[in-house]
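Record features (Swiss-Prot):
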type	residues	note
DOMAIN	18-149	domain 'EamA 1'
DOMAIN	194-322	domain 'EamA 2'
TRANSMEM	9-29	transmembrane segment
TRANSMEM	38-58	transmembrane segment
TRANSMEM	64-84	transmembrane segment
TRANSMEM	99-119	transmembrane segment
TRANSMEM	136-156	transmembrane segment
TRANSMEM	187-207	transmembrane segment
TRANSMEM	214-234	transmembrane segment
TRANSMEM	251-271	transmembrane segment
TRANSMEM	279-299	transmembrane segment
TRANSMEM	303-323	transmembrane segment
């Protein structure tokens, strides 16, 4: 019985460890000269090959009819994620560091909350304490992101960061990003979070009409692969040699990224059904901490006081938002629970749907996740 209760904790901690390692591997590949656009295309190719067979087999009897309208919506969905989001994410990571990227993207729940308010998927009542917590948490998380971007502070000295080489054996791992690169990278990372938030909103609307999550993910990966390939060919048209993959960390990043994406879909989806999306979201900062620790060894990355404080502020903001979401009326409904109407929950947001037989619960983690993840992917 105790193990049954502990399984969701073990599973999510395991996934966060995989996310952290994915951030490190991706950064190694980018440092080696791999194009972010090529990495996205190859990662989606692996994810498509992994997920499609399961979708064809497991949902062969339950998959609804695919209309042209739904297909067009999925094509737009795949533009937001993975094409735009992941290209911006990896481009931002290339200009900054793995730790900075992981920490800044922790502000995603706050940005999702803002987008949900814009699209009227989130109800805010100023008089309610939980609504106040969500608003304050959003502002705190954004403030932490700004603090990370513009305030560096003193270096926190660590004995092993004074070595001449990182664990990857290359002195270029010690390259310290310029402030201009940090600013440009931050803009790209924030834009990637915005794209992910748009993806969440559209995903919920599509799932209300096409209730086959696995098939939707497979279609999104296939279309994303095609769109990312076209984008990569256009972007790298003057240097087609970047598409060549050698049996080194660039190949590892492509395969590992795709495998983690596919595995995370199942594990996070299962954990969301077992304990709810707020439970899953609460573990996001773990990946950031693991990336920060690994980066000091692998990249000899310097740890700055300002970045640490900014990361802590972001985490505080996240938990304020998540606490507020957990207190929303009906916020803890579980899938397949009896309910008078069907709702689609986006990390605790509710969207009425035409059918009134069941409850579909998803969170922004449910589909393919960034290094991180991004936590998330």
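Please read every residue number as a count from 1 along the shown chain.
From the backbone N, Cα and C atoms, a Cβ is placed for every residue, glycine too.
Contact check: the transmembrane segment (99-119) against the transmembrane segment (136-156) gives at least three Cβ pairs closer than 8 Å, residues 6 or more apart, which meets the contact criterion. Within the model, the domain 'EamA 2' (194-322) carries an average pLDDT of 84.
Here the transmembrane segment (9-29) lies next to the transmembrane segment (279-299) in space: the count of CB pairs under 8 Å, restricted to residues six or more apart, reaches at least 3. Pairs of Cβ atoms less than 8 Å apart link the transmembrane segment (303-323) most often to 136-156, out of 64-84, 136-156, 214-234, 251-271. When each of 38-58, 64-84, 187-207, 279-299 is scored by its Cβ pairs under 8 Å to the transmembrane segment (251-271), the top-ranked stretch turns out to be 38-58.
Sequence-distant contacts of the transmembrane segment (38-58) (same chain, at least 6 residues past either end, Cβ-Cβ under 8 Å): 26, 29-30, 82-83, 86-87, 90, 212, 214-215, 217-218, 221-222, 224-225, 228-229, 231-232, 236, 242-243, 245, 250, 253-255, 257-259, 261-262, 265, 368. Beyond the transmembrane segment (64-84), the same-chain residues lying 6 or more positions past its ends with a Cβ under 8 Å from any Cβ of the stretch are 40, 43-44, 192, 195-196, 198-199, 202-203, 205-206, 209-212, 216, 219-221, 223-224, 227-228, 231, 367-368. Under DSSP, residues within the domain 'EamA 1' (18-149) fall into helix, strand and coil as 107 helix, 0 strand, 25 coil.
Helix first, then strand, then coil: DSSP counts for the domain 'EamA 2' (194-322) stand at 106 helix, 2 strand, 21 coil.
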